[in-house]
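Novice: I'd like to ask you about the structure that follows.
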C-alpha cells in the first residue's frame with residue numbers, strides 16, 4: 001500500500017547529481033552517507049529508512065536513518081561490492097510513536113490517562129494484524145506489561161525499545177512514501193580513487209636511439225618505477241604505426257627512413273587497434289609484461305585513441321566510417337588552421353554508426369581479455385557523449401573493475417559531463433594553476449558539492465604534449481614543488497617519464513617539449529646526476545602511510561599573508577590523521593608567511609601540539625593556530641606536516 005503522495009515530503013537528498021540523472025562515485029569500502037529533509041504535518045512521528053540494492057542483491061536492503069536535527073535524517077551504508085548500487089529513501093508515519101509522544105505529556109500533566117492509554121493499546125492491537133510472528137509476540141507481551149504497569153513505570157513500558165522497533169516495522173505496512181527516482185552510486189576499486197601514475201613510451205626503453213625498445217626492455221625498467229612508489233604505468237599506443245604522411249623528429253613533415261612516427265597515428269599493414277607494433281614484441285610478450293608488473297605491485301594502463309592512420313585496415317575495409325570531403329577524399333584530422341596528415345578521425349555519426357560503435361567496443365574487450373583493466377582515453381571530448389555513455393556502461397556492466405581516465409583538456413562543463421556519464425577519472429587544469437589564488441580557487445571548486453561527488457581529478461605534472469613554462473624556467477625547485485602539489489592536492493596524480501630527471505628543454509615560446517618523444521626514440525640515463533627520484537620515492541611513501549592523503553573531498557585551505565605560499569589541510573574521516581601542507585609556489589625566491597591553520601576544528605589542542613615534517617623528519621612544537629613558516633626553494637620548497 002502506498003501512502004498518499006504529498007502527505008510526507010522527502011527533499012534535499014544528498015548525494016544526488018542533477019536530480020538523480022547521474023551516479024555519484026565511491027570506492028569499495030567507503031561508507032555511503034545519505035541525508036535528506038523529511039517532514040509531514042502536525043506532530044506526527046516520521047520514520048525514514050535508507051534503501052540500498054547492491055549488485056548481488058535481488059531485494060532492497062534497509063537501514064534506519066537517524067534524525068540529527070529538525071527534519072534532517074542521516075543514514076549510512078558500507079559499500080562492499082564493485083559496480084552499480086542503487087539507493088533511495090522511504091518514509092512513513094508511525095501512529096503508535098506519535099501517540100506515545102502525546103501520552104508522555106498527558107502523563108506528566110496529572111490528567112486521567114485511562115482513555116488515552118486505551119487509545120494506544122488499540123493502535124497496538126491494529127499493528128498486530130500487520131505483524132509477523134516475531135513482532136506480534138513482542139507487541140502482545142508489551143500490551144500485557146503496559147496493563148500491569150503502575151503509573152510510575154508505565155511510560156517505560158510504553159516506550160520499550162523492542163516495542164518501538166516492532167511498531168516501526170509494522171507501521172510501514174500501513175503505507176509509506178518512497179523517494180523517486182532511485183539513485184545510483186558507482187563503486188570502483190581502490191586504484192580509481194588512490195594511485196600514482198607513471199607515463200612511459202615502451203619504444204624508448206632502449207640504449208640506442210636507432211633501436212626500438214621492447215616489452216622485455218620495459219620489464220627491466222619496472223623495478224625502478226616500482227621502487228619510486230608508482231602503482232600504474234601508462235603506455236601511449238602500442239599498436240603498429242602508419243607510414244603514410246608519417247611525422248619526423250620535432251613533428252617534421254620530412255621523416256627519415258628510421259623515424260618511428262607518432263604512436264597516435266595508429267594502424268598499418270601490420271594491423272590496427274587489436275595488434276601490437278612488431279618491434280615491441282608479441283601479444284604473449286605483452287601478457288608476460290603484465291604478469292611481471294603485477295608481481296611488482298604495478299598495473300599497466302593502455303591508451304585508447306579512436307583514430308586511424310591512412311594505412312589502418314579500417315580505411316580499406318570500412319571507408320564509410322570516416323569523414324569524406326567534397327572531392328571524395330577522406331578528411332584528415334584538423335584543428336584549423338592545422339591539419340594532421342598522419343591521422344584520420346572517425347565519423348561516429350556515419351550511416352553505419354552502430355557497426356562502428358560495436359567494433360570500437362570490441363577493441364576495449366580485446367585488451368580486457370588480454371589482461372588490461374585501465375584505459376587512458378585520448379581526446380574523449382571530440383567524440384559523442386552518447387557513444388561514451390553507451391560504451392562505458394556496457395563495459396562496466398560486465399567488468400566493474402575497469403577504470404577509464406578522460407584526457408580532456410577542454411571546457412569545464414564538457415569535462416564534468418564526461419565524468420557524469422561514466423569516466424572514472426579526468427585530467428585537469430592543474431598543469432596551468434601556478435599561483436596561490438589559482439590553486440585555491442580551482443581546488444575549492446573541484447572539492448565542492450556536487451562536483452566532488454562525480455569528478456575524480458588525476459593531476460599530471462606534465463605530459464608528452466605539455467611542458468609548462470614553470471618547469472621550463474623554474475629549474476629543479478619547480479619540479480620539486482609541482483610534484484609535491486600534485487601528490488598532495490589529489491590522491492590520484494601522475495608524471496610523464498623524464499620528470500624525475502628534470503627534463504625542461506622546450507620549444508621557445510611554447511609549452512611543448514623540444515625534441516618531443518612523440519616523434520623519436522629517447523633513451524635516457526635514469527640515474528643521471530640531479531635527478532629527484534629520492535624525493536619522488538619519499539612523497540609516494542608519505543601518501544601510502546597517511547590516509548588523509550588518500551581521499552579527495554577532505555581539503556581546506558589556510559590563510560597565509562604571502563601570495564607566494566599556499567597551505568592546506570587534509571584529514572582522515574575520524575581525524576586520527578591530519579596533514580598540513582605548505583608549499584612555496586615561487587621556484588626562484590625564498591618566502592615566509594604566517595599560516596593560520598584552524599586545527600582546533602580537527603580536535604587538536606592548539607595551545608601546544610607537535611608538527612612532524614614528513615619530508616625531513618624534523619619535529620616542531622607549535623603553540624597556536626597561527627605560525628611562522630619560511631621556505632627556500634633551493635633547499636626545501638615545502639613542508640608536509642603530520643599533526644601530533
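Every residue, even glycine, has its Cβ placed from backbone N, Cα and C.
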Novice: TrEMBL has 247, 342, 379, 518, 519 down as binding alpha-maltose 1-phosphate; which of 205, 307, 550 does it also list for that site?
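Specialist: According to TrEMBL, the candidate sharing the alpha-maltose 1-phosphate site with 247, 342, 379, 518, 519 is 307.
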Novice: Looking at the candidate ranges 210-240, 241-271, 272-302, 396-426, report the one that TrEMBL labels region 'Disordered'.
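Specialist: Range annotated as region 'Disordered' by TrEMBL: 241-271.
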Novice: Take the C-alpha atoms of residue 379 (alpha-maltose 1-phosphate binding site) and residue 407 (active site, proton donor) and report the distance between them in angstrom, rounded.
Specialist: 6
Novice: Can you work out which residues elsewhere in the same chain, 6+ from the ends of the region 'Disordered' (241-271), have a Cβ less than 8 Å from its Cβ atoms?
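Specialist: Distal contacts: 201, 203, 210, 212, 277-278, 303, 305, 307-315, 341-343, 378, 514-516, 518-521.
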Novice: Let me spell it out: for each of the recorded positions (342, 378, 407), count the other Cβ atoms within 10 Å of that residue's Cβ, using every protein chain shown. Which one has the most?
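Specialist: Neighbour-count leader: 342.
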Novice: Using only the residues recorded as binding alpha-maltose 1-phosphate (247, 307, 342, 379, 518, 519), report the maximum Cα-Cα distance in Å, whole number please.
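Specialist: The widest Cα-Cα gap among those binding residues is 20 Å.
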Novice: Among 247, 518, all listed as binding-site residues, which has the most CB atoms within 10 Å of its CB?
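Specialist: Most Cβ neighbours within 10 Å: 247.
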Novice: Return the residue, from the listed binding-site residues 307, 379, with the maximum count of other C-beta atoms within 10 angstroms of its C-beta.
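Specialist: Per the Cβ count within 10 Å, the most buried is 307.
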Novice: Starting from each candidate's C-beta and looking 10 angstroms out, tell me which of the recorded positions 465, 519 has the most other C-beta atoms.
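Specialist: Output for this query is 519.
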Novice: Compared by Cα position, which of the recorded positions 378, 407, 465 is the closest one to residue 519 (alpha-maltose 1-phosphate binding site)?
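Specialist: Out of the listed candidates, the nearest Cα belongs to 465.
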Novice: What are the helix, strand and coil residue counts for the region 'Disordered' (241-271) according to DSSP?
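Specialist: The breakdown for the region 'Disordered' (241-271) reads 3 helix, 4 strand, 24 coil.
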